[in-house]
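Engineer: Structure in structure tokens, see below.
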There are 2 protein chains.
Amino acid sequence: MAGPESEFDLIQRYFGTPSAGAVADGVRLGIGDDAALLAVRSGHELVVTVDTLVEGTHFFPDHPPASAGHKALASNLSDLAAMGAEPLGAVLSLTLPRVDHDWLAGFSHGFLALAEEVGIPLVGGDTNRGPLAISVTVLGEVPVGQALRREGARPGDRLVVSGALGGAACGLAHETQRRAEGGPVDASSPACARLFWPAARLSLGRGLRNRARAAIDISDGLLADLGHLCAASGCGARVDWPSVPRDPLLAEVSEQQARSCALGGGEDYELLFALPPGESLDLLAFSVDVPLTVIGECTEGAGVVVEDANGQRLDVARAGHDHFANTE
Amino acid sequence: MAGPESEFDLIQRYFGTPSAGAVADGVRLGIGDDAALLAVRSGHELVVTVDTLVEGTHFFPDHPPASAGHKALASNLSDLAAMGAEPLGAVLSLTLPRVDHDWLAGFSHGFLALAEEVGIPLVGGDTNRGPLAISVTVLGEVPVGQALRREGARPGDRLVVSGALGGAACGLAHETQRRAEGGPVDASSPACARLFWPAARLSLGRGLRNRARAAIDISDGLLADLGHLCAASGCGARVDWPSVPRDPLLAEVSEQQARSCALGGGEDYELLFALPPGESLDLLAFSVDVPLTVIGECTEGAGVVVEDANGQRLDVARAGHDHFANTE
């Protein structure tokens, strides 16, 4: 490229699209000042969440940069969805080992395409030199008192998940094997698609307001996240393994692997929620754009049990995704 | 430590102090759910800014972890100050190569001590495995229409800075030499103090609302940040070099080095603002807790010139702090 490029120029060049600021009414001041200014609507609370992707942990150098941009935003939007919130704005902090214009072009394309799709403007950015990492903070708003929390589920509530589970874990297993064998990445394969291009269930999250009693997004794995929901709600849960919707990719692996992926695998970014007895699942399913499946129910007591088709308890490790577990 | 520790436990253990959530009225839901919930007061706009510190770029392994915690928050609070905003809440994303409890204890102590001092609760956190980096997003609020922006300065406005300049750059020069020579860090030295423990000028920022026409914090260096303010405002500036308040550390270095540190050095986190002719500096100075100094004025046209005691133009490189300039 022609000459040096400053931090300011990098953000402006790759993320300062006119549309980035014009998408939402709430943006009073976008990229380019000491901070951004946003309007939160009267009668609404502000929702805020942060997520960081690190090269070598969450994605690899031969993965398409657009997928890193997409996923960094999608994982945060999933947290908004789990709160029942509307997107308001995003800020991005990029740490780069060097200025790689091809990478930046791909990354920003993936990030901004999703941002435009869901109508969330990028309102602030920061770039630094160092090992490649992407930190995104997403802001949203939700009517006062209507945010979906992890607490609130009660014994007798149905446990419902959106979409299908285990696809991202299966994709990760494919990728791990592919990298070990040294082959080229096939970004358009179904396995990579699950891992690289997760969707965030924003419209479902909105639809769950005043209906679900508790909700969480499945980022760490079904059993781990169900464990968080139960711990926060002070209840237990029973999961009916045959009811758990499996990603089609799992048809190709053993029953043992399928269980591990669907129950323990992270990064599917589907929603898990507790629906009280009086709420119609059919009515809810009619109004959203993703399949919904009852997988069990909340119970008295504590702890999560998984049962097979005969009602026998399965011995499953609660192996959620945790960057620091068992590694000290 | 006894056994593995999860991401959830790490955040709870080091940052989930009862006081962290209880400090501010605005926190409806803090650490521990998919996202945090905050209330923005009616008649206020939301202010958001992000800053990341990377080990090896912004701090080094032998620097006290408490100083990294302090500085990661202070650099963001400085952006809030430059907008005239009140702190509302902070979210932290920590990327760690391993779980180092001594480091985490020191880091969280430095972070939370400053958070408590200025009354900003930590409302959300995220930990990941990877090269050490600290990303902080700070949220604030400001009465609608009263945010201080970079634009708005007009020819004839006085240019005023808080505190003294060049201390952090001088501290960095000391640290660079110390590291080259292999000596131990002296964290309590005046040089390290400037570099490690910057203050954020929050009360000054609030005092500038409806008084200053434009403001910016000096994070990249006086001339670079003044250049940003002038570019946004569509004006030029004349700086009177003898008037620029110098950090006492600069008494020990050559005039050339002093100029380089005071005009080009970053990370002092003082405020620079444009005060219109009708506003009394004395009245403003009386109400704030930091010295204020007029260093020049805004001019017609564009570009920043620096003059010596005789009104002769000094040839100064506009060497602001930029992680990517001249390095492609």
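One-based numbering along the chain as shown.
Heads up, the Cβ atoms here are built off N, Cα and C, so glycines get one too.
As annotated in TrEMBL:
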| type | residues | note |
| --- | --- | --- |
| BINDING | A:ASP34, A:ASP79, A:ASP217 | Mg(2+) 3 binding site |
| BINDING | A:ASP34, A:THR49, A:ASP79 | Mg(2+) 4 binding site |
| BINDING | A:ASP51, A:ASP79 | Mg(2+) 2 binding site |
| BINDING | A:ASP51, A:ASP126 | Mg(2+) 1 binding site |
| BINDING | A:HIS58, A:GLU267 | substrate binding site |
| BINDING | A:GLY125, A:ASP126, A:ARG150, A:SER219 | ATP binding site |
| BINDING | A:ASP220 | Mg(2+) 5 binding site |
| DOMAIN | A:32-142 | domain 'PurM-like N-terminal' |
| DOMAIN | A:154-307 | domain 'PurM-like C-terminal' |
Engineer: Is any of the binding-site residues A:ASP79, A:GLY125, A:ASP217, A:ASP220 within 10 Å of A:THR49 (Mg(2+) 4 binding site) (Cα-Cα), and if so, which, in sequence order?
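Structural biologist: The binding-site residues close to A:THR49 (Mg(2+) 4 binding site) (Cα within 10 Å), listed in sequence order, are A:ASP79.
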Engineer: Which binding-site residues among A:ASP51, A:ASP79, A:GLU267 have a Cβ sitting under 8 Å from any chain B Cβ?
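Structural biologist: Contact set vs B: A:ASP51, A:ASP79.
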Engineer: Cα within 10 Å of A:GLU267 (substrate binding site) is the criterion; apply it to the binding-site residues A:ASP34, A:ASP79, A:ASP126, A:ASP217, A:SER219, A:ASP220 and give the hits in sequence order.
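Structural biologist: Correct set: A:ASP217, A:SER219, A:ASP220.
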Engineer: Quick one: among the binding-site residues A:ASP51, A:ASP79, A:ASP126, which has the most Cβ atoms sitting within 10 Å of its own Cβ?
Structural biologist: A:ASP79
Engineer: Could you measure between A:GLY125 (ATP binding site) and A:ASP217 (Mg(2+) 3 binding site) for me? Cα positions, answer in whole angstrom.
Structural biologist: 26
Engineer: Name, in the order they occur in the sequence, the residues of the same chain whose CB lies under 8 A from the CB of A:ASP217 (Mg(2+) 3 binding site) and which sit 6 or more residues away.
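Structural biologist: Sequence-distant Cβ neighbours: A:SER78, A:ASP79, A:ALA81, A:ALA82, A:ARG201, A:ASP225, A:TYR269, A:GLU270, A:LEU271, A:LEU272.
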Engineer: What are the helix, strand and coil residue counts for the domain 'PurM-like N-terminal' (A:32-142) according to DSSP?
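Structural biologist: Summed over the domain 'PurM-like N-terminal' (A:32-142), the classes give 37 helix, 45 strand, 29 coil.
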Engineer: Determine the C-alpha span of the ATP site listed in the record, that is the greatest distance between any two of A:GLY125, A:ASP126, A:ARG150, A:SER219, in Å to the nearest whole number.
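Structural biologist: The ATP-binding residues span at most 32 Å between Cα atoms.
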Engineer: Could you check what DSSP calls A:GLU267 (substrate binding site) once collapsed to helix, strand or coil?
Structural biologist: coil
Engineer: Rounded to an integer, what is the Cα-Cα distance in Å between A:ASP220 (Mg(2+) 5 binding site) and A:ASP51 (Mg(2+) 2 binding site)?
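Structural biologist: About 13 Å separate the Cα atoms of these two residues.
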Engineer: Helix, strand or coil by DSSP: which one applies to A:ASP217 (Mg(2+) 3 binding site)?
Structural biologist: strand
Engineer: Which one is it, among the binding-site residues A:ASP51, A:HIS58, A:ASP126, A:ARG150, A:SER219, that lies nearest to A:ASP34 (Mg(2+) 3 binding site) by Cα separation?
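Structural biologist: For A:ASP34 (Mg(2+) 3 binding site), the closest Cα among A:ASP51, A:HIS58, A:ASP126, A:ARG150, A:SER219 is found at A:ASP126.
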Engineer: Of all the binding-site residues given, A:ASP34, A:ASP220, A:GLU267, which residue's CB has the most CB neighbours within 10 A?
Structural biologist: A:ASP34
Engineer: Near the Cβ of A:SER219 (ATP binding site), how many other Cβ atoms are there if near means within 10 Å?
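Structural biologist: Looking across every protein chain shown, the total is 22.
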Engineer: Which ones in the same chain are close to A:HIS58 (substrate binding site), with CB under 8 Å and 6+ residues apart in sequence?
Structural biologist: A:LYS71
Engineer: In sequence order, which same-chain residues at least six apart have a C-beta under 8 angstroms from A:ARG150 (ATP binding site)?
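Structural biologist: In sequence order, the residues whose Cβ lies under 8 Å from that of A:ARG150 (ATP binding site) (at least 6 apart) are A:ALA214, A:ALA215, A:ILE216, A:HIS228, A:LEU229, A:ALA232, A:SER233.
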